[in-house]
Amino acid sequence: MRAAIAEAHQAQLLGEVPIGAVIVHDGKIIACGHNMREKFQDVTYHAEMLAIMEACAAMGSWRLEECDLYVTLEPCIMCSGAIVNARIKNVYYGAKDPKAGAVDSLYHLLNDQRLNHQVHVESGILGTQCSQMLKDFFRAIRKRKKLARKKRRARG
């Protein structure tokens, strides 16, 4: 998870929402990703999606059956769908996402028995650290917006 957190920091340095992901196979990191949605103006450029694409290239297959995904925030619907379709074995995530989480919060896609693959999930891995990073990021955005509004009002 620490490697996923390092990826999240990379996203933050780019002004992206600080979410990071890594994929592990046989105890080695084979792929990593961090949010790049703003940079590329592409809604699919989530950390998990980028890590899955890189892992598929590294493995030479879209099937990631013996791989584990570590991600700092509970995956959304799109990413959860990709995780199931890639047949990732285990998902470990840090912070819950009550607004968009599709693993435990809003939906339970990774363990839906109607789907052809279920994923073992563990949550709360370094959860406080992952959650705090997101809180700090959004707090800083709100502060910048508040200052910008004050400046506009002062100029009148």
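Note that Cβ sites are derived from N, Cα and C of the backbone, with glycine treated the same way.
Annotated features, as they stand in TrEMBL:
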type     : residues            : note
ACT_SITE : GLU48               : active site, proton donor
BINDING  : HIS46, CYS76, CYS79 : Zn(2+) binding site
DOMAIN   : 1-104               : domain 'CMP/dCMP-type deaminase'
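Take the mean position of the Cβ atoms of HIS46, CYS76, CYS79, the recorded Zn(2+) site; other residues of that chain with a Cβ within 8 Å of it are ALA47, GLU48, MET49, PRO75, ILE77, MET78, SER80, ALA82, ALA100. Residue counts for the domain 'CMP/dCMP-type deaminase' (1-104) by DSSP state, with H, G and I taken as helix and E and B as strand, are 39 helix, 26 strand, 39 coil. Here CYS76 (Zn(2+) binding site) comes close to HIS46, ASP97, ALA100, GLY101, ALA102: these same-chain residues lie at least six apart in sequence, with C-beta atoms under 8 angstroms from its C-beta. Using a 10 Å Cβ-Cβ cutoff, HIS46 (Zn(2+) binding site) registers 25 neighbours. Long-range C-beta contacts of GLU48 (active site, proton donor), restricted to its own chain and to partners at least six residues apart, with a cutoff below 8 Å, comprise ALA21, GLY33, LEU69, VAL71, PRO75, CYS79, ALA82, ILE83.
Taken together, the residues in the domain 'CMP/dCMP-type deaminase' (1-104) have a mean pLDDT of 98 on the 0 to 100 scale.
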